[in-house]
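Asker: Got a structure for you, written out below as structure tokens; questions coming shortly.
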Amino acid sequence: MEYIIELCFTIAYVIIMVVALTGNTLLIYIVWKIKETRVTTSFLFVNMAVADLLVTIFQMPVSIVHFYVYEMSDWVGHLTCGFIYYVLYVSTTASIFCLAVMAFDRYFAVVHPMTQDIWFRKSKIIAPIVWISSMALMSVAPIAFKSINGKCFVTDAAMPYLPFWTYLLLINYLVPLAIISILYTIVARTLWFQQMPGHLTSRDEQRRLILKKKVVRTLVIVVVCLQSAGVLCTCLIWTQL
């Protein structure tokens, strides 16, 4: 029975890896190939795709190996433990920061449409900042995770358990979630109450109202999904303390 479960997990991981590699590579290729897609939002999606590829290439194969090799040798465990989790958390942080930057970009585009040339909306500047800040903030991961008897753990000897997970929760969920929620709330409110210049026919007004509802509904879904993820992660962390 245990072998069947491991086999099912392995097949699921392989399918996810193939889909992730194909989808993210295709996204990067499309943005690189088609000049019309090279806008700030597209470049942020490219950075999220790169982050996803890093997890797919470095973390997922190790997870598959752990299904069958329960205890790594000392040197392999020490080598992979800190590095794999560092890549995982850097990639996760970079993706979440990209979502926050997208929220800022949409905020300026809708609420302050005349500020097109500010440095914050230039992908060539913001992308390195996202990755450098992610690598710096997650530099605690190799310190916190240690290989003990071939298994990877957060040990109180290396770093206290509660402060480490609280730090991750703040950096990866609570702070970005608060920023994204506030910005998208302002964007949704601006879109809903914004008046179009000139005279609109009843049909134009109806189309505009439908478009407003779609945009606002999308923003609400994004915020609710992020809030749900944040609550879930908080519950998982606290139940393990």
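Cβ from N, Cα, C; glycine included.
Quick paste of what TrEMBL says about this protein:
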type	residues	note
DOMAIN	23-224	domain 'G-protein coupled receptors family 1 profile'
TRANSMEM	12-32	transmembrane segment
TRANSMEM	44-70	transmembrane segment
TRANSMEM	82-104	transmembrane segment
TRANSMEM	125-145	transmembrane segment
TRANSMEM	165-187	transmembrane segment
TRANSMEM	215-239	transmembrane segment
Asker: In terms of Cβ proximity under 8 Å, which residues at least six beyond the ends of the transmembrane segment (82-104) contact it?
Answerer: 41, 44-45, 47-48, 51-52, 54-55, 58-59, 62, 120-121, 126, 130-131, 133-135, 137-139, 141-146, 152, 168, 171-173, 176, 179-180, 183-184, 187, 226
Asker: Take every residue in the domain 'G-protein coupled receptors family 1 profile' (23-224), average their pLDDT values, and give the whole-number result.
Answerer: 77
